[in-house]
Amino acid sequence: MPLLFGFFHTIQNKKGSVKMAQKTTTATAVEEKKKEGFWSTKITGVSLPLYLIMVLVLIIAMALGKLPTNMIGPIAVLVIFGNLFHFIGTKIPIVKSYLGGGSVFAIFASAAIATFGILPEYVVKSTENFVSNMGFLDFYIAALITGSILGMNRNLLMKASVRFIPVALISMVVSFFAVGLVGMLIGNGFANSVLYISLPAMAGGVGAGAVPLSTIYANVLGTDASSIISRLIPATAMTNVLAIIGAALVARAGQSMPKFNGNGKLMEKGDLGDGKPRNVKPSIPQLGVGLMVSLTFFILGQICNYFVPKVHAYAFMIIIVVICKIANLLPEYYEDAAIMFNNLIVKNLTAAVLAGIGIALLNLNVLASALTWQFVVLCLTSVIAISVVSGFVGRLFGLYPIESTITAGLCNNSMGGTGNVAVLSAANRMELIAFAQMGNRLGGAIVLIISGFLMQLLS
């Protein structure tokens, strides 16, 4: 009996030792994973420890007053802080899911360090000069407009004009007047409501929407763009948040309405063609070609603006690029080059542009004064109106109402490319990204084209 007891006692001890060993191994693995996580985490391709060293070097240079005030200093500030804030924004749960993620966080965090004096005044001024006066935003927008339009599927662009584009445009027009009328009813005024809430909500985001829109408004009013954009970005950000939430709710409602739900398919009969973006392999020589193509289209827009000054150069540029795409005037080599250059700029400079908007163009004091109950009501009106109309009109044009609401409606109240991704992700319909981009870009282009006329008419 004592021998049997000793045998079981030995087995129990061995089990205990095994459990302790397993716990120790698990703890070690977790610890190693944490260490690996810190060292392997990358911000725009740079390991986190090295990135923090870059931030430290930048801070020391600014503190000593040795940061160059030519283009080197502002580029360093925008790229390093922009990517850092964008990375942080993608990690904050509520921000990344409902508040626009890294894009919105990069704008507001950059605005905060400028507004509250964290950045030295000479750094803020040199950055403002680089962003506003040296054409940094023009450079980015030229690449974005050229590459995004030339990157669309030509057949998709032509076929969609028959069904999808009319739905998107009708929805935008109804939403425009709905916001204006509600604005009149609540004492905000028709002109103020459509110019500073409806149009920026439908302009296609910040970089390709609110920024050029602010420039157009500033040219008409004879004022500075920085005083305008602080009134446009709140509407862009708020409607983006509401569109993301709305997409999740619409997709959930669609589960109980199979007749109106295409489960990611836009049309009831047939399809609008291949919506997949063209796969372009990187080529260093072609990047230079893409740069020249983008700049040439931008300069053509400037030339047209010289003869018709009331139409903004961006609007002419968009029209020229669309004509070239539909008429197939550019060989594929040059289209690929422009797409490639656009991908390079968007991938590497978007966070920098967002930081530039925050530092140079966004006044947080003006922003705070814009957040009134009338503002919230009008943003809700914009999102609800464009959603309801796009669903009903989409049904008349042979589209599934759920998909039509999400792509032709909610995506046209989002913050451009990142907003489209967030909206479609919330609705679990990422396969519709080509249509979302098309509606967003073309709708935004039309907003830019008519905005100058409307500002002159209504201001």
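Yeah, the Cβs are placed from backbone N, Cα and C, and that goes for glycine too.
In TrEMBL, annotation is done automatically, which means it is predicted and not curated.
Over in TrEMBL, the protein carries these features:
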| type | residues | note |
| --- | --- | --- |
| TRANSMEM | 43-65 | transmembrane segment |
| TRANSMEM | 71-89 | transmembrane segment |
| TRANSMEM | 98-119 | transmembrane segment |
| TRANSMEM | 131-152 | transmembrane segment |
| TRANSMEM | 164-187 | transmembrane segment |
| TRANSMEM | 193-220 | transmembrane segment |
| TRANSMEM | 232-251 | transmembrane segment |
| TRANSMEM | 284-304 | transmembrane segment |
| TRANSMEM | 311-329 | transmembrane segment |
| TRANSMEM | 349-368 | transmembrane segment |
| TRANSMEM | 375-397 | transmembrane segment |
| TRANSMEM | 438-458 | transmembrane segment |
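With respect to Cβ pairs under 8 Å, the transmembrane segment (71-89) is most closely packed against 349-368, considering the stretches 43-65, 131-152, 232-251, 349-368.
Between the transmembrane segment (131-152) and the transmembrane segment (43-65), the number of CB pairs under 8 angstroms, six or more residues apart, is fewer than three, so the stretches are not in contact. It is 232-251 that, among the stretches 98-119, 164-187, 232-251, 349-368, forms the most Cβ pairs under 8 Å with the transmembrane segment (193-220). The stretches the transmembrane segment (438-458) and the transmembrane segment (98-119) are not in mutual contact, being linked by fewer than three Cβ pairs under 8 Å (pairs 6 or more apart in sequence).
Listed as Cβ neighbours of the transmembrane segment (232-251) (distance under 8 Å, sequence separation of 6 or more from its ends, same chain) are residues 97-100, 104, 107, 196-198, 200-201, 203, 205-206, 209-210, 213-214, 217, 357, 362, 367, 370-371, 375-376, 379-380, 382-384, 387, 402, 405-406, 410-411, 413-415, 419, 422-424, 426-429. Within its own chain, the transmembrane segment (98-119) has Cβ neighbours under 8 Å at 62, 77, 81-82, 85-90, 92, 127, 206, 233, 237, 240-241, 244-245, 350-351, 354-360, 362-365, 367, 415, 418-419, 422, counting only residues six or more beyond its boundaries. Counting only same-chain residues 6+ beyond the ends of the transmembrane segment (349-368), those with a CB under 8 A from a CB of the stretch are 44, 74-75, 77-79, 81-83, 85-86, 102-103, 106-115, 119, 124, 127-128, 130-132, 136-137, 140, 206-207, 211, 214, 225-227, 229-231, 233-234.
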